[in-house]
Amino acid sequence: MAGLRFCPECNNMLFAKENKAERTLMLHCESCQHEQPADDKCVFRNTMTLSASRLFNFQDVASDPTLPRANDVECARCHHNEAVFMKDPVSKDSEGLTLHFICTNCKHNWKPDFLGAG
């Protein structure tokens with residue numbers, strides 16, 4: 001697992017460096033020139049989690065002119081018949097295509113049970 005490593009001689013941070021002759025990953029101290037073999041080949045790990053509420057502001061999405069519009073759906077909240085739609089931002093590929101509809105009038109968003117229903 002990637003993490004900070006420190007020099008055993010001067011306690012400064014060790015940096016990843018390639019040993020081209022031996023084709024190995026080394027940890028190198030820039031202060032005292034100490035080198036040691038890396039015990040793990042992972043030098044950086046970035047773990048990301050997605051949340052639809054953090055990624056999208058559905059209020060703004062309704063006025064996006066680049067999104068497709070549907071005129072044959074009815075909003076359950078205001079009964080307006082126009083909505084923009086887009087692929088659900090957090091659905092996994094294994095779940096298939098899931099659509100999000102956003103009413104252009106009241107900004108209410110919903111997922112239909114099946115295509116053509118709201």
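If you go along the chain as it appears here, the first residue is 1 and each next one adds 1.
From the backbone N, Cα and C atoms, a Cβ is placed for every residue, glycine too.
Long-range Cβ contacts of Cys32 (Zn(2+) 1 binding site) within its own chain (separation 6+, distance under 8 Å): Cys7, Glu9, Cys10, Asn12. Summarising the annotation, TrEMBL assigns Zn(2+) 1 binding site to Cys7, Cys10, Cys29, Cys32.
The zinc finger annotation in TrEMBL covers 7-32. Proximity of distant same-chain residues to the zinc finger (7-32), defined by a Cβ-Cβ separation under 8 Å and at least 6 residues beyond the stretch ends, is recorded for 38, 41, 43.
If you take every residue in the domain 'TFIIS-type' (71-111) and average the pLDDT, you get 84. According to TrEMBL, the domain 'TFIIS-type' annotation covers 71-111.
For Cys75, Cys78, Cys103, Cys106, the entry in TrEMBL reads Zn(2+) 2 binding site. Just so you know, the Cβ of Cys78 (Zn(2+) 2 binding site) picks up 12 other Cβ atoms within 10 Å once every protein chain is counted.
Cys75 (Zn(2+) 2 binding site) sits 62 Å from Cys29 (Zn(2+) 1 binding site), taking the CA atoms of both as reference points. The Cβ of Cys103 (Zn(2+) 2 binding site) has Ala62, Cys75, Arg77, Cys78, His80, Glu82, Ala83, Asn109 as same-chain neighbours under 8 Å, each 6 or more residues away in sequence.
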